[in-house]
Amino acid sequence: MAKRWTNDLTAADVTPEALFWNRRKLLAGMAGAGLGSIAGGAVAEEGLATNTWEEVTSYCNFYEFGTGKEDPSYYAGAMTTSPWSVEIDGLVDNPGSYGFEQILEAMTLEERIYRFRCVEAWSMVIPWQGFELADLLALAGVQDGAKYVAFETLLRPDEMPGVRYPVIDWPYREGLRLDEAMNPLTIMATGIFGKPLPNQNGAPLRLVVPWKYGFKSIKSVVKITLTDQEPPTSWNMANAREYGFYSNVNPNVNHPRWSQASERKIGGGLFAKRQPTLMFNGYEAEVASLYEGMDLAKHF
Ligand code: MTE
């Protein structure tokens with residue numbers, strides 16, 4: 001099958017693998033070692049004064065296993081990921097339960113190196129393995145009236161200690177407009193750094209939308225619904241003022257509590273110079289047309 005998308009990033013741009021796996025430890029370690037206040041000071045100098053280190057780093061998470069930054073790595077191992085199936089329903093010709101193996105057999109898997117902006121001010125370059133969401137939607141047969149795609153994460157309280165707490169109205173939910181979902185950049189990832197996804201990163205399959213913030217990348221997906229209505233999304237339900245439906249990386253629209261105009265590269269060192277955040281996380285050429293004529297300050 002012909003490649004439909006070419007990458008401008010190479011292996012040389014990839015965030016060192018050890019830093020990716022250890023970033024929670026790295027960030028937590030800095031806070032634990034008393035460097036938190038130093039880091040907090042550095043952050044404050046750069047205009048993020050109201051945020052503690054904890055607040056800045058806790059965005060990278062899997063809240064079903066707890067909101068603590070180390071919780072997912074302790075508890076996510078208990079999640080059963082096989083057998084796994086994804087229910088695809090709503091405005092599709094072939095609704096039903098699709099087994100993970102069945103999906104893999106039908107899809108073309110490839111590796112893609114994407115910029116990923118997880119914690120608000122930190123960026124990474126990650127090699128993901130996955131397939132285009134558009135291909136999965138084609139398998140289900142999208143009907144004419146469909147305008148949005150809604151996603152849900154597994155909700156299994158026996159295996160997920162974090163869902164005892166109503167920090168999010170469980171299950172975790174996300175959504176895309178249909179044209180965003182069909183964009184060739186949008187993938188369902190099944191692996192990372194050449195390995196199957198670890199549970200804490202969303203095994204066995206999670207969404208990756210490289211021009212949006214990491215929180216849009218819903219993990220461990222069990223349900224995909226095609227609808228004609230904009231679906232509710234977890235972070236928007238939790239805090240509509242801070243998290244909009246679109247969640248595009250946009251240096252011109254600040255988060256209410258911090259600037260998004262610059263970012264720090266993971267691996268660049270704690271005191272490395274911040275770099276300007278790129279519009280749509282560097283994917284402007286590919287996706288700007290999706291938002292033509294929209295007021296992105298309103299649809300943030
Ligand atoms: N998906 C689910 N189901 N639950 C979550 O808490 N956290 C989101 C997103 N997907 C989250 C989720 C957030 S806030 C981020 S930053 C990314 O996952 C982090 O993904 P990573 O840990 O693989 O980098």
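Placed from the backbone N, Cα and C atoms, the Cβ positions cover glycine too.
Here's what TrEMBL has on this protein:
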BINDING   Y63, E64, C118, T153, N201, R206, S217, I218, K219  Mo-molybdopterin binding site
DOMAIN    81-235  domain 'Oxidoreductase molybdopterin-binding'
Problem set entry | DSSP-derived class (H/G/I helix, E/B strand, else coil) of K219 (Mo-molybdopterin binding site) | coil
Seminar exercise, completed: Within 10 angstroms of the C-beta of N201 (Mo-molybdopterin binding site), the count of other C-beta atoms across all shown chains comes to 24
Seminar exercise, completed: Across the domain 'Oxidoreductase molybdopterin-binding' (81-235) the predicted model averages a pLDDT of 95
Seminar exercise, completed: C118 (Mo-molybdopterin binding site) falls, by three-state DSSP, under coil
Seminar exercise, completed: Record-listed Mo-molybdopterin binders Y63, E64, C118, T153, N201, R206, S217, I218, K219 have a maximum CA to CA distance, in Å, of 18
